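S.K.: Sending over a structure as structure tokens; questions will come in a sec.
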Amino acid sequence: MANGFTPVSNGVPDEESITAPLLHLRRSTSNNTSQIAIVGSNPCPIESLDYEIMENDVFKQDWRSRTIENIAGIKFVVTSNRMLENKYAEAYLIFAAANLGLTLFAVTITAFIAPEAAGSGIPEVKAYLNGVDAPAIFSFRTLLVKIVGSIAAVSSSLNVGKAGPMVHTGACIAALTSAGIAAAFRAPVGGVLFALEEMASWWRSALLWRAFFATAIVAILLRGLTDLCLSGKCGLFGTGGLIIYDVTSVNISYHLRDVPPVLLLGVIGGIAGSLYNFLLGKVLRLYNLINEKGTIYKILLACIVSIVTSSLLFGLPWIAPCHPCPPGATEPCPTIGRSGNYKKFQCPPGHYNELASLFFNTNDDAIKNLFSKDTDTEFHPLSILIFFITCFFLSIFSYGIVAPIGLFIPVIVTGASYGRLVGLLIGSTSNLNHGLFAVLGAASLLGGTMRMTVSLCVILLELTNNLLLLPLIMLVLLISKTVADAFNGNVYDQIMSFKGFPYLETHAEPYMRQLTVSDVVAGPLRVFNGIELVGNIVHVLRTTGHNGFPVVDEPPYSDAPVLYGLILRSHVITLLKKKCFLESPRLDVDAVERFSASDFAKQGLGNQDKIEEIELSEEEMEMYVDLHPFTNASPYTVVETMSLAKALTLFRGVGLRHLLVVPKTSERLPVVGILTRHDFMPQHILGLHPMLERTWKVDLGERSLKIKKIEARNVCGSEVYPSLAAFEGGGVRGWGS
């Protein structure tokens, strides 16, 4: 037929109809943006989520009818006992072996059981909330490995955090990222704001009270656990596992002369944060080249990082001199094998080692020591400088290993150290004590790396339990974010981009206003007739990877070719699996009665039925399927002359997976093409229109990176993906993301 649709004459298909494409439409070259992303530590196929309600006959019918601190405590107690006996080499071996064993355990269970659990999980959850469906990120095995692995990794003295894994854990359990932050920092309001400011792409009032309810429950449970710990039933570290930092006395007085140092902290935080993100990106790319060589290299890399970390944590305190315990200290001095401001380490009785108080501790207790009040003379500036440099680089080199680890706590530790350093250098010229400078330093580096403002401000206020810090924290966050934004993006967006997730931003790029949707529609387009030959359907499914197909009615079922709707690939496969066939091309009035909505329920990505698994006889291939009852008869459509920016606003605002493009005039074919989120990616648009990159000076950032071809067995399925060109093409692209 002239219109390019599959011809059917008197119920008998033409000889070439089974092998010929149903419709060829080449308005532009195929979209080559990859549909493979790095999920956790493995390359896996990704799809878009279906937020659109499928208004077909079948669905209408259905509408009617405390652990980290104790593990670390045992390790530190045993090591300290050996040091009291002057068995320093043995103490180091025990310390390093314990850390190596915990790291090896965390990496092994992650690499072999749930590679999706690697990293903080925040980029994966954020991409999911934006509409990207990554395989197994919320599965039970991912949840289990995330919990157990993060406990082991944080207990191994690596400079990593547990906040990110707890966000992912909260998302696995209750689909609420706010609960993770509330649990990690005892910051229920901050958790809600974190979900709103950083994680969610769409927000509505119902989510607000649900998130607040979840964080309130978490706060109540943590309050109960705190009381339990205060009674001495939490093990070696007392209340150490439920962190809250009381950094100052009730009354704080600061004046205009205290503002310049705060401004300086903000500028330093912005520069250091952007440098941190830049170096982290370089390290992640290096680690990816190592990890792609195989599991043994992933484990070897983690072991090297663990040994180097243990050597630094145990070795650097030896260069610091011992200091006599200050008279009238509010805490025991020195402390042996327990948390505290004054660690004995190798010092004689009555003396403490200031570097050991920072290095030979958990991150939580290091933060408490830096935030603590009335300790202005406890640390020497050189010791704080050594601690800052070590934490800065250890947190960067530790993050890329294949284990459930986060960035939040390491950034707080690093920022608090240079904040304390600024306080030491300024000295008595400021009314602010050094603990307050540490808090402001942590805020500035958090703002410089993560680029959040409101949620970070509230989280820090809930952490420090002092509302009087509000003006200073607000100021330092605004300055650090503004300075860092001049260099690069926030760390989670950078990691998400590096992993290859097609994230849709809230705003359209300026050049999108100069293009129409017809300028980016890729071909060839494949459509189905309302009553289609089984052989044609099987051929299209086997030769394409498209996940959505327009359904078109032609005479005699309509006066002229008309767009009936859109049907998903998974629904078509279900029809073939159930063998809902007709011997002649006619409407199937009983089709709805043979199915329920549960038959078409979305399965987990990687668990869907595949066309290769369906066996059909030659006789069945000559039969027909009535697609009308299973087609979404009211899909979202846009006219081909609509601007790309306007289409992006609609696509993202509604949370679409497919957006049909229809012609301006009725004389043409009833459908021009389909837009998916990959069609809005800068790589695809600028690949079609390279002049725009020079005209608008578009910066693709990390997405311009190409990853070398690798061979990796996908843990999400049994298929081997021979290549990962995650950022600039290389993937087989269909309509369906």
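Please read every residue number as a count from 1 along the shown chain.
Backbone N, Cα and C define each Cβ position, glycine as well.
A TrEMBL annotation is a machine prediction, not a hand-curated record.
These numbers come from a predicted model, not from an experiment.
Okay, these came from TrEMBL:
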DOMAIN    630-691  domain 'CBS'
TRANSMEM  91-114  transmembrane segment
TRANSMEM  134-154  transmembrane segment
TRANSMEM  166-187  transmembrane segment
TRANSMEM  207-225  transmembrane segment
TRANSMEM  237-256  transmembrane segment
TRANSMEM  262-284  transmembrane segment
TRANSMEM  296-320  transmembrane segment
TRANSMEM  384-409  transmembrane segment
TRANSMEM  421-446  transmembrane segment
TRANSMEM  452-479  transmembrane segment
S.K.: For the transmembrane segment (91-114), what are the same-chain contacts with Cβ under 8 Å, counting residues 6+ beyond its ends?
M.R.: 40-41, 71, 75, 78-80, 82-83, 136, 139, 141-142, 144-146, 148-150, 152-153, 155-158, 295, 298-299, 302-303, 305-307, 309-311, 313-314, 401-404, 715
S.K.: Note the mean pLDDT of the domain 'CBS' (630-691), expressed as a whole number.
M.R.: 89
S.K.: Which range wins on Cβ pairs under 8 Å with the transmembrane segment (296-320): 262-284, 384-409, 421-446, 452-479?
M.R.: 384-409
